[in-house]
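Per TrEMBL, these features apply:
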BINDING   Cys48, Cys51, Cys85, Cys88  Zn(2+) binding site
COMPBIAS  135-151  compositional bias 'Basic and acidic residues'
COMPBIAS  214-241  compositional bias 'Low complexity'
REGION    127-151  region 'Disordered'
REGION    201-247  region 'Disordered'
Amino acid sequence: MTERKVLNKYYPPDYDPSRIPKLPRDKNKSRNNKTFSIRTMAPCNMRCASCGEYIYKARKFNSRMEIAEGETYMGLRIYRFYIRCPGCCSEITWKTDLENGDYTIEHGAKRNFEALRTAEMLERKRLEEEEAEDAKDPMKQLEKRTSQSKREMEMLETLQDVKELNKRNAGSDIVDTVIRDVESRRITEEQQVEDEDARLARELMLSAKRPRLAGPSTSSTSSTSAGPSGSSARSTGPASSIRDLLKGSVRVKPAAAAAAKKN
């Protein structure tokens with residue numbers, strides 16, 4: 001089986017292209033015929049001049065295309081297209097219009113009215129007339145240049161104002177960002193201090209409760225062994241030191257204070 005996509009071809013040393021037999025040419029086709037078939041679409045809305053059939057834009061046709069002999073625009077070729085009317089099979093032709101970037105209907109049909117195209121043509125004519133008048137009158141040219149320079153200065157001033165406003169907004173944004181950072185840092189530090197104070201208070205409360213959990217026997221023996229000096233020991237014991245540490249940081253409830261005095 002032969003290869004479907006041939007990448008290399010072998011030419012023998014005795015290859016002579018003149019010996020290859022040529023295929024018979026079609027007699028109906030002449031060498032000077034430059035027309036060839038092409039699939040195209042209608043360039044605009046048109047109406048057939050023979051039967052009145054409407055042909056809308058972008059309708060597809062099997063057309064013939066040729067180079068318009070003796071017609072060029074700035075050295076570029078102009079092409080002509082032939083189609084058949086779908087209603088009466090009469091021939092309709094149009095050509096490329098390179099000057100206006102459009103197509104022109106030659107014969108066989110009439111182009112429908114297009115408001116946008118007409119408005120563009122009128123605007124183009126108006127601009128051309130104004131340019132011609134300005135070229136003739138030097139005072140109008142001077143006035144036009146003056147108004148144009150004034151307009152440019154106004155635009156530059158407006159642009160400068162916008163730049164200054166953007167700079168102000170950027171500076172205010174930076175200040176606001178710094179203020180927010182400082183405030184958040186202060187709030188975080190205060191929260192850390194409060195957490196640390198609460199932790200210390202909990203530790204002190206736990207250390208104050210530990211001697212009471214020893215039992216009544218130990219407390220009675222310690223009181224009897226202490227004798228008359230027991231009151232001074234209690235006053236200088238851990239409970240009094242804890243009480244001194246808790247002053248100003250933890251409020252002792254009245255009931256808790258009375259229980260501590262009884263002990």
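Even glycines carry a Cβ here, placed using N, Cα and C.
Taking the Cβ of Cys85 (Zn(2+) binding site) as reference, residues of its chain lying under 8 Å away and at least six apart in sequence are, in sequence order, Cys48, Ser50, Cys51, Glu53, Ile55, Glu91, Ile92, Gly108, Ala109. Non-local neighbourhood of Cys88 (Zn(2+) binding site): Cys48, Ser50, Cys51, Glu53, each in the same chain, at least six residues away, with C-beta under 8 Å from its C-beta.
For the recorded Zn(2+) site, residues Cys48, Cys51, Cys85, Cys88 set the reference point as the centre of their Cβ atoms, and the other residues of that chain within 8 Å of it by Cβ are Ala49, Ser50, Gly52, Glu53, Pro86, Gly87, Cys89, Ser90. When the binding-site residues Cys48, Cys51 are scored by other C-beta atoms within 10 Å, Cys48 scores highest.
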